[in-house]
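According to TrEMBL, the features are:
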type: ACT_SITE; residues: 209; note: active site, proton donor
type: BINDING; residues: 15, 16, 17, 18, 19, 20, 21, 22; note: NADP(+) binding site
type: BINDING; residues: 109; note: NADPH binding site
type: BINDING; residues: 194; note: L-homoserine binding site
type: DOMAIN; residues: 367-453; note: domain 'ACT'
């Protein structure tokens, strides 16, 4: 590391001055001396590209730093921090930075989930760094430990609560008994949910982060289209209450795991096995003693299972300007140290190309909710269909009984049943549910939730 009087200067360009970008700029300016001491380089913020230089901002920043010419700013920089969000012009500007030979730090999960593989390849070819710690879980340092600290280990599964909005909603439903609509309204009031919360509640945000986690964990590049995705909009207060009674909590999890399954019919290794990776996002029942079950409010956590290290959990604030700025600056400091020492940019390791396994390859436990006629023989018929499709029942409980309406011509009232299975394949469970839905004694299949951590 150079002595203080030999400190070199690295020109930093910031693209975007929103909630996170403004905090990054503030810290770069206020803590310039401390950052120089830690990196051996003076990080000179040479400009901030924004759409409107006159827009009001929560953080007071020097007016002369603002510009609307992002492309010209990129060409002046050694380090480019992209915090604009969205696909364009972020993609074009990152590519310009790579072509220019600049190190890139981004928190753009949506872009990485869609175009990550091509951006990694271009950065590798140019021998420049492309870092994105802030793209997955805000302030939680998770990507660097996966990439560096666990580089000598073999990760077998990653499960994460990586979206604070949905965790807050489900936590409110669990702890206060609120409906989904009321919990979402409260999340919006507190600023945890966007005006349009679709990307959060439909699972798309978590799926983008799941693709990034899977790519690093299994040294294979995954895109958003490789992730099976289900949001939380169908989770009801009844599901939450039934889970609670059974000792579970419902969380929206991003899960990436390595699986070995029978080879597909017609494949070159038909009759043998295939090892691949399943990446999925869905509401999940977790036992209340599981570490992820204790993650409340808008916090995030990532739970890793590795062959040698065993079980590890990383926990912290998953959003917010200052916490996320911490992750961004961690990447900037790491990049600056490498530039000072003259080392090459960190490359993404794709030591193997594992096939993507669809959710049909997954084997887990399930909890099925049924609205059924409350009459003799119903349970026997349901149990027979489970047996017919090779799905074993672990527990079956009647949670609610409703009396027959006076105008109902049926023979009796109805009951809500909750059935927890032993481990079964997704394909077998889907066939079972389809068959049960066809029974004349079933009013509806109210929910199908996967169970993990048991």
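For all residues, glycine too, the Cβ spot is worked out from N, Cα and C.
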Number of other Cβ atoms within 10 Å of the Cβ of residue 19 (NADP(+) binding site) across all protein chains: 18
Output field, NADP(+) shell: CB within 8 Å of site CB centroid, site 15, 16, 17, 18, 19, 20, 21, 22 dropped: 14, 23, 24, 25, 83, 84
Residues in the domain 'ACT' (367-453) grouped by DSSP into helix, strand and remaining coil: 23 helix, 37 strand, 27 coil
Cβ packing number for the residue listed as 'active site, proton donor', 10 Å threshold: 26
Other C-beta atoms that fall within 10 angstroms of the C-beta of the residue listed as 'L-homoserine binding site': 14
Spatial neighbours of residue 109 (NADPH binding site) among the recorded positions 16, 21, 194, 209 [C-alpha, 10 Å]: 209
C-alpha spacing of residue 209 (active site, proton donor) relative to residue 18 (NADP(+) binding site), in angstrom: 20
Protein Cβ atoms within 10 Å of residue 15 (NADP(+) binding site), excluding its own: 27
Inter-residue Cα distance where the pair is residue 19 (NADP(+) binding site) and the residue listed as 'L-homoserine binding site', in Å: 13
Pairwise CA distance, residue 22 (NADP(+) binding site) versus residue 209 (active site, proton donor), rounded so that it is a whole Å: 23
Distance, residue 209 (active site, proton donor) to residue 17 (NADP(+) binding site) (CA atoms, angstrom): 22
Which of 16, 17, 18, 20, 21, the listed binding-site residues, has fewest other Cβ atoms within 10 Å: 18
Distance, residue 209 (active site, proton donor) to residue 19 (NADP(+) binding site) (CA atoms, angstrom): 20
Candidates 15, 16, 20, 21 (binding-site residues) - the one closest to residue 209 (active site, proton donor) by CA: 20
